[in-house]
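K.L.:
Marked as repeat 'Solcar' by TrEMBL: 1-60, 64-156, 165-253. Marked as transmembrane segment by TrEMBL: 233-253.
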């Protein structure tokens, strides 16, 4: 977030590693966890919604095909925006608060919930849904590629329930899925972050998505749409590896042996769609 929204004329960070070093030096290790309350509150509901909607949508579509995997994933991505957008707004505002300060002298927001309450009091529902359209544009195809890639990877690796390497295979498939998912719509994530950070400090720069794209490109060139990509991908692999593997293994063990069809040699693996 900090790399995505920093001022190009007066950049605070030269890259991912320098940003990491600077935060620890200037704000202590706790600076790395600013805004953690928002994901802690929202991610449980988001993942439950995403995997539930994706599985039910795929069953409604009837056939487990690559196209249906993409459509089911896209449907899940679109619906979870209702929770994702306010959650990421609070996370972004908290992460930008007190940039470069070891001990905050003044805090606009005490925590993520306080942040959303204050934004609502000042701007109403429109305020806490700032960036909803850009979030929707990012999340819908992103989750489509997310589930499609996972399905293709697990089929390609030939996952089988009795395979002693099934866990590493699931972890690898989930990690690759996360990377592909982020790469597919990353420029829109930069725009979303800039729109949600807009207005911090009382200065508003952008009138909307197209205005943000135009001004960002005009001032910084095409590279602006790749800002923060390295740190995003470094995070994406372990996070999504753990997410997919946990969901898959949990549901595999929750099912009876007669019902277990996630890892078969025919249509090899069908999680999480069939789970």
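Backbone N, Cα and C atoms are what each Cβ position is placed from, and that goes for glycine too.
Automated prediction, rather than curation, is the source of TrEMBL annotations.
Can you walk me through where each of these features ends up in the structure?
P.N.:
Residue counts for the repeat 'Solcar' (165-253) under DSSP, helix first, then strand, then coil, are 74 helix, 0 strand, 15 coil.
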K.L.:
May I have the DSSP-based helix, strand and coil counts for the residues of the repeat 'Solcar' (1-60)?
P.N.:
45 helix, 0 strand, 15 coil
